[in-house]
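Features reported for this protein in TrEMBL:
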- 774-836: domain 'DYW' (DOMAIN)
- 332-367: repeat 'PPR' (REPEAT)
- 434-468: repeat 'PPR' (REPEAT)
- 469-503: repeat 'PPR' (REPEAT)
- 504-538: repeat 'PPR' (REPEAT)
- 605-639: repeat 'PPR' (REPEAT)
Amino acid sequence: MPSFSLSSKSIMEAATLYTTSCLHISHSPQNNLEAIPQIFGLVNIAVVTVPETSPSTSLESLSSLQFDYEKKLNSLNSVKTMHAKMIKLSKEWDTKKNMQYFISGYLEFGDFQSAAVLFFLGFAENYLYWNSFLEEYIYFGGNPCEILEVFSELHSKGVNFNTEILAFVLKICSKLSDMWLGLEVHACLIKKGFDLDVYTKCALMNFYGRCCGTESANKVFKETSLMHDSLLWNEAILVNLRNEKWSEGLQMFRDMQALLVKANSLTISKVLQACGKLGTLDEGKQIHGYVIRYALELNILINTALINMYVKNDNLKLARVVFDSIDYLNRHLPCWNSIISGYTALGYLDDAFLAILRRMQSAGYQPKRNSVTSALQAVSELRYLRVGKEIHCHVIRNGLECDLHIATSLVDMYVKNDDLTSAQAVFDCMTNRNVCAWNSLISGYSCKGHFEKAGDLLNQMKEEGIKPDIVTYNSMVSGYAWSNCIKEALGMIRRIKSSSMSPNVISWTSLVSGCSQQGYFREAFEFLVQMLDEGIKVNSVTVASLLQACAGLSLLHIGKEIHCLCIRNDFQDDVYVDTALIDMYSKYGSLENAQMVFHRLEDKTLASWNSMITGFAIYALGTEAISLFDKMREANMQPDAITFIALLSSCKHSGLLDKGWKYFDHMKTDFGVIPTIEHYSCMVDLLGRAGYLDEASDFIQSMPMEPNAAVWGWNDADCIREQMEAKGVKIGPVWSWLKVNQRIQIFSTAGKTHPEGEIYFELYKLISEMKKLGYSPDTKCVCQNIAEVEKEKVLLSHTEKLAVTYGLIRTRHPAPNRVINNTRICSDCHVQLQNICHC
């Protein structure tokens with residue numbers, strides 16, 4: 001296993017800070033904030049760096065220094081030197097503009113602690129600077145946890161802060177889900193008897209809503225005396241809606257209107273989302289009236305929310321009215337996505353786009369580049385090839401095919417809809433091709449494994465004078481990695497370097513992701529180490545891929561460290577990362593953590609719902625899986641083939657035969673999902689487990705496709721094996737493995753016996769003790785036609801038993817041993833392992 005120390009150290013530091021950060025309430029007298037630079041040695045810098053008699057630092061020269069903000073700072077030392085001159089020789093060194101200048105300088109050259117100190121010194125009391133400071137801090141690679149460290153150190157040294165600064169700290173606590181520090185800040189506010197202003201109240205509500213739940217946040221709201229303040233009401237409603245308290249949020253909106261308090265655009269859009277979730281069309285119409293009354297109908301955020309609300313309430317007519325009322329230049333991608341999704345979800349695919357374009361033209365609008373490219377982008381995102389072809393016809397009829405941007409969008413649309421023939425045809429007709437068009441087509445061929453064609457295009461691109469960029473090469477890296485051509489992908493990385501470019505986070509993430517998808521988890525971590533060695537920071541896609549690798553290797557401790565990394569780098573709100581976390585925790589046996597991540601998700605995607613249903617299926621919690629599926633439907637989420645595999649698996653493991661039949665029958669009729677061999681396998685298994693063997697056989701005979709090994713099971717196993725071998729179908733070895741004392745031990749049905757032979761002796765002793773207590777081997781699990789005594793010996797060789805026995809004799813600490821295997825555990829192993837763990 002490759003070393004993970006390079007990244008895990010920083011991850012563990014984040015985890016330690018996250019769990020142990022605390023605010024030490026000081027009883028020291030009031031301190032002047034001017035003492036802060038002395039605490040961190042800024043004045044000492046001045047003493048060391050600036051001679052008393054330096055002719056260039058006279059008071060007269062400071063006037064030009066103080067306002068020479070265009071002067072280029074080329075190193076951290078130059079920032080410190082100039083700052084030192086200001087502190088030592090100017091009484092007005094701490095003006096807002098000076099401090100902003102030095103904060104940016106410290107951030108640019110990586111001195112995040114000094115930047116945070118200066119911020120607390122001169123900006124934290126001004127709410128307007130909060131977001132810009134946080135954005136700049138994170139942009140330059142700073143960790144928001146470091147801001148909390150500076151705050152805690154300053155406070156422990158006796159510096160007293162006002163409510164504005166404490167509100168800012170609460171905001172960061174909310175962002176990082178640091179509950180304990182936030183609680184201590186609130187305690188500080190109470191202890192000092194601060195008269196809380198509206199911003200501090202909002203910060204408290206936001207903190208409690210994100211870290212403790214809506215009940216605590218609502219308690220803060222109800223205790224306020226500022227009942228007519230719009231900021232407070234808006235924050236209270238948003239806190240409830242972020243936590244999916246749709247009914248409560250709507251009721252608060254009603255109460256707000258009764259007090260004639262005005263809602264902002266974000267609140268209105270979220271309340272409209274609640275109307276869509278709850279199916280309350282009448283209330284949605286009333287809010288639409290509110291929008292018109294306050295002249296907010298030009299707000300694109302609100303318009304998109306209105307379209308979604310009407311679509312979710314099955315009212316396409318009014319959704320269309322809202323869409324048509326938007327000026328075509330303001331019809332951004334979310335608007336197109338919403339209206340096209342609405343038509344498609346309600347079965348009007350033929351009308352999804354052409355009718356909208358005709359309406360545009362009849363209203364006097366000429367088709368413009370923005371309208372067509374936005375629509376093509378929406379079709380690409382939604383994978384609606386038929387609609388895309390209709391748009392293409394519209395483009396040709398209106399003479400727009402020569403437009404470079406439209407032609408490039410058409411190529412991209414066909415590529416993303418897996419129609420490479422049409423993409424190539426459009427590309428060939430282009431008289432002027434930009435690098436985006438080349439990249440799109442190369443990416444399409446590469447991702448489909450047509451590397452010879454992609455390579456030819458790459459060479460042709462150079463011949464025509466178009467220089468490949470990092471996107472071009474990254475598409476090739478990604479294609480090779482996802483096609484299990486790891487050596488070729490690495491060769492493309494070297495080619496990037498030889499082209500005077502540097503592989504970026506996308507280049508390395510493609511390798512990590514490809515390895516994880518193909519099951520090469522060890523290699524995924526090796527590439528991670530190389531990536532970090534080159535100074536490249538991970539992104540959310542990298543993290544999601546690493547979590548997938550952790551799930552495959554059952555590396556719970558590293559998985560938790562990566563979760564800390566998500567918190568540290570603010571990835572915890574990324575839906576792909578959260579879905580990977582759900583999958584990882586489910587496979588680890590930590591279903592509670594998986595549910596916690598799932599329920600915290602504000603905008604749940606189909607993949608996140610599927611992952612959570614699959615988690616319940618793994619643990620045979622069929623009732624819970626069905627309940628979650630019902631909630632998914634209530635949220636107007638359309639299930640796909642993976643959803644039904646998870647659902648049928650949960651019914652199979654829980655013996656819910658009637659429910660399984662119901663969902664199988666309704667897949668195609670109610671949801672338009674065509675059953676695949678995996679769905680049929682689940683149903684055969686479900687019938688077999690319930691004892692309906694004849695029905696299972698009849699079901700197999702009625703299948704519209706050839707049954708595979710998963711469908712037949714292993715009754716008449718020898719006969720089926722012979723047939724499989726005759727047809728060239730290979731059977732992979734069964735294996736189990738676990739990690740003990742930082743080493744991975746593998747037990748497989750293929751290859752030699754394990755070198756530590758005492759495992760077999762210890763297992764034999766355990767089985768002998770169990771037999772004295774009444775255990776009887778379940779030889780029905782052995783399909784071979786051999787004697788009973790031989791069948792018992794076969795049961796002893798099952799890899800799960802050997803792995804558990806090894807873990808018991810080699811582990812001296814109370815931590816659980818996690819055994820991973822690549823096949824379903826037999827009933828004998830299930831009973832035996834339970835007894836072994838009790839012995």
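Using the three backbone atoms N, Cα and C, a Cβ is placed for every residue, glycine included.
Annotations in TrEMBL come from automatic prediction, not curation.
On a predicted model such as this, the values are computed, not experimentally measured, just so you know.
Secondary structure of the repeat 'PPR' (434-468), assigned with DSSP and counted as helix (H, G, I), strand (E, B) and coil, comes to 26 helix, 0 strand, 9 coil. Same-chain neighbours of the repeat 'PPR' (605-639): 276-277, 312, 345, 575-576, 578-579, 582-583, 585-587, 591, 594-595, 598, 646-647, 649-651, 653-656, 659, 671, 673, counting only residues six or more beyond its ends whose CB sits under 8 Å from a CB of the stretch. Packing against the repeat 'PPR' (434-468) from elsewhere in the chain are residues 404, 407-408, 411-412, 414-415, 418, 420, 423-424, 427, 475-476, 478-480, 482-483, 485, 488, 499: each is 6 or more residues past its ends and has a CB under 8 Å from a CB in it.
On the 0 to 100 pLDDT scale, the repeat 'PPR' (434-468) averages 91 in the predicted structure.
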